[in-house]
Amino acid sequence: MHHHDNGSLMELPLEDVKKAIGFVPEGLSDAEVAQRRAQYGLNEVKEEKPLSPLLRLWKSLQNPLVILLSVLGLISLLTGDLRSTIVIFSMVVLGVAIRYTQEMRADKAAEKLKALVSTHATVCRNGEDKEVPLKMLVPGDIVKLGAGDMIPADVRLLASKDLFLNQAVLTGESLPVEKVADPLSGQEEPLYNSNNCFLGTNVESGTATAVVVHTGEKTDFGALAAHISRQQVVTGFDKGINSFTWLMIRFMLVMVPAVFLINGFCRHNWLEAFLFALSVAVGLTPEMLPMIVTVNLSKGAIAMSRKKVIVKKLSAIQNFGAMDVLCTDKTGTLTEGRIVLEQYLNPEGTPDQKVLDFGYLNSYYHTGLRNLMDEAILHHEEVGTALHIREEFSKIDEIPFDFVRKRMSVVLENKEGLNILICKGAVEGIMERCTQVEINGQITPLSHEQQERYHRQVEALNAQGFRVVALAYKWMPGAPDAPVYSVTDESELVLLGYLSFLDPPKATASAALHSLSAAKVDVCILTGDNESITAYICRKVGVNVDRILLGPDIEQMTDEELTAEVVHHHVFARLAPIHKLRIIKAMQQNGHVTGFMGDGINDAPALKAADVGISVNTAVDIAKEASDIILLENNLMILEQGVAEGRKVFGNIIKYIRMAASSNFGNMFSVVGASAFLPFLPMLPIQVLINNLLYDFSQTAIPTDNVDPEWLVKPRKWTVGELRRFILVIGPISSIFDYITFWLLITYFGGWNNPALFHTGWFIESLFTQTLIIHVIRTNKIPFIESWASWQLMVTSVCIVIAGAWLTVSPLAATFGFTVLPAAYWACLFFILIAYVALTQIVKNWFNRRFVKSES
């Protein structure tokens with residue numbers, strides 16, 4: 001595990017550690033902290049170091065398409081064709097520059113928001129406790145730890161109480177491990193030593209005080225992170241982009257040699273043929289793809305940041321749009337997450353002050369995970385009575401909460417030296433441990449018939465939306481040698497009564513769920529609560545609860561059975577953390593892009609496994625760490641806007657791909673045909689390049705484009721098959737009109753004996769059709785009538801068309817081999833364009849009806 005000498009400090013006895021790090025019992029002074037921060041640096045493990053501007057530029061250049069273009073540019077430089085070199089490199093610069101600036105903007109927006117997501121540690125400095133951001137810790141700081149906290153650095157325990165850590169991040173061990181502040185036995189690896197806690201692990205239950213030994217890159221986790229930069233999960237979206245890139249490259253590897261050979265054999269000028277083939281290769285490279293993808297994603301991220309949504313990983317936006325199942329935790333997501341204590345009842349259902357008092361003692365004295373219920377009890381008890389009960393008891397021990405028992409106990413000693421164990425937790429569990437019941441001060445044996453009746457009573461409360469916990473106790477003789485109490489002592493208890501709490505559903509919940517299902521996202525509820533409460537809340541927010549699948553049943557199922565079973569259910573209750581994870585995996589097994597939204601300690605594994613993990617700013621640190629998207633406002637309406645944003649981003653990327661691919665494919669047909677029958681090159685290499693550069697310019701505006709509302713109605717996934725068909729169907733249409741143009745130029749305008757005229761005529765027709773086709777392919781409706789592009793896209797299209805026409809009459813015309821076209825040609829062109837748009841529109845509609853799954 002150890003890669004450097006830092007292990008040695010963690011292995012030394014506590015006294016030596018204190019010496020080595022300059023331990024001060026009352027905490028460091030501010031001056032001391034500043035000095036150490038200068039010495040040791042900030043406490044952060046840079047998983048992804050923020051790229052310096054130059055490095056980022058280098059990364060933008062490392063794209064296969066950019067590299068391909070640059071190589072083509074260099075070749076053209078070596079053949080001495082300076083004009084072509086300049087044109088090719090301006091394409092590279094155009095794509096990379098836009099992408100680079102946009103990425104920087106998105107990063108800045110994300111950084112701003114990330115600062116709002118807080119992870120703090122409680123530190124003792126100058127003798128008093130303060131909340132300090134994690135990265136401000138230095139070696140020698142004394143930290144206080146409680147349940148749900150992440151261990152902020154590599155620390156050595158000074159004192160601990162029932163401290164259990166989850167070390168899965170470092171050891172892969174999923175069960176919590178107990179840590180105790182006692183001298184090292186010196187046998188084990190430091191990681192398994194019970195008095196060392198390491199960065200990256202988190203507290204499941206209990207509390208502790210510890211001293212920071214190593215921070216940041218010096219920690220074990222830091223060394224690990226430096227060794228393996230986090231394995232990136234490749235999303236379906238990334239795979240799609242890659243498969244498209246390679247599809248184009250393969251196509252090029254076939255077509256370019258073909259063009260080279262045909263031109264070489266027909267005209268025996270091999271250098272000219274080579275330069276022409278080279279320019280065709282440039283034409284076939286979808287070099288704007290990386291720019292379009294990045295700019296779309298980062299625009300999406302910026303748009304979402306305005307809505308108070310932080311996107312930690314750019315590609316998560318696309319998954320957000322493709323998501324068709326959202327699994328969400330109930331507490332704090334569908335409900336307010338602020339619980340109110342409504343009633344304290346004896347087992348017969350009448351209010352009883354003793355129940356409240358004992359509940360108060362239990363909540364007050366335990367040090368583990370202070371959950372919402374404890375807060376509610378502590379806020380409810382009158383201060384006067386509270387002080388009065390607290391004076392009668394002193395604390396001996398506690399048995400902390402865990403997710404298996406679902407209860408926790410404290411052991412107190414009264415003035416007479418007797419010990420009492422007070423246990424609070426899930427009703428089923430506590431009832432099983434009880435043998436007697438106390439009603440109005442009378443203790444009687446608990447009969448089976450009473451148990452049945454109490455269960456029914458609790459169910460009735462649950463059905464009204466109350467969360468109920470039971471309270472039980474037992475007296476025990478005090479022992480002089482202070483015995484250690486354990487779970488086995490939670491037996492033969494006296495049932496005292498119930499506390500019932502209300503966690504009201506959020507105002508926005510039902511509207512949000514409604515809008516998500518309108519967007520064809522299935523919402524599933526995954527919760528640890530029992531079925532009655534869950535059913536109540538679900539009905540309140542309008543989720544169908546005919547069938548609820550329960551944790552204990554899932555326990556019995558194999559993964560295959562679960563995969564078959566999840567299809568029939570929308571609500572899952574009484575789940576342990578591992579069940580949530582299995583349900584997510586089962587959904588993914590069924591081919592769903594699955595989102596998971598949660599905020600608790602036990603949600604972290606599911607958040608990591610989901611295609612898109614969503615968390616809220618109030619979540620525990622470990623949950624925020626595991627998620628891809630964090631909502632700063634706990635408002636579910638934002639979710640639906642995020643989904644729409646994700647689909648919009650995907651829509652604009654797919655548009656570009658369809659256009660680029662189909663127009664390239666069509667051009668190839670024309671180039672190959674023309675090469676074979678013309679006595680000269682179909683277009684000069686430089687003209688091919690300029691055509692391409694202008695077309696690239698017109699595409700820079702695609703990320704600003706509007707997406708038809710119809711596109712947003714359902715999740716959008718990547719389908720390469722459909723794309724391939726689209727290219728094969730739409731691509732050749734442009735060729736038909738290219739050939740009509742060739743025929744006109746040769747027959748009526750004397751193009752056979754006037755290569756410059758032929759080149760210019762085809763250059764203009766090719767540029768105009770390509771620019772127009774953007775407007776047909778960008779929508780499934782009728783362009784210019786039912787659906788308009790964004791003004792930016794309209795403006796660039798018009799500018800490009802004007803620029804192209806101007807080139808043929810400009811002072812540059814001769815340099816680039818252009819000549820003036822006769823007026824009659826422009827008239828013919830006008831009709832060609834109208835016919836072209838009409839035919840493409842008809843074929844597009846037929847294609848959508850025939851191949852695209854109907855938009856139901």
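Placed from the backbone N, Cα and C atoms, the Cβ positions cover glycine too.
All TrEMBL annotations are machine predictions without curation.
Residues or ranges marked as domain 'Cation-transporting P-type ATPase N-terminal' in TrEMBL: 8-81.
Taken from TrEMBL, the feature transmembrane segment covers 244-262 (among others).
Per TrEMBL, transmembrane segment is recorded for 274-298 (among others).
Feature annotation from TrEMBL assigns transmembrane segment to 726-750 (among others). Residues 658, 661-667, 669-670, 673-674, 757-758, 761-762, 765-766, 769-770, 773, 777, 822, 824-825, 828-829, 832, 835-836, 839-840, 843-844, 847, 851 of the same chain sit 6 or more residues outside the transmembrane segment (726-750) yet have a Cβ under 8 Å from a Cβ within it.
Taken from TrEMBL, the feature transmembrane segment covers 756-777 (among others). Non-local neighbours of the transmembrane segment (756-777) in the same chain are 655, 658-659, 662-663, 667, 670, 674, 678, 680-684, 687, 690-691, 694-695, 698-699, 702, 730, 734, 737-738, 741-742, 744-746, 749-750, 783-784, 789, 793, 797, 800-801, 804-805, 808, 817-821, 825, 829, 832-833, 836-837, 840-841, 844; each lies 6+ residues outside the stretch with a CB under 8 Å from one of its CB atoms.
What TrEMBL records for 789-809 (among others) is transmembrane segment.
TrEMBL lists 815-839 (among others) with the feature transmembrane segment.
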Helix, strand and coil counts within the domain 'Cation-transporting P-type ATPase N-terminal' (8-81) (DSSP):
47 helix, 1 strand, 26 coil
Take every residue in the domain 'Cation-transporting P-type ATPase N-terminal' (8-81), average their pLDDT values, and give the whole-number result.
79
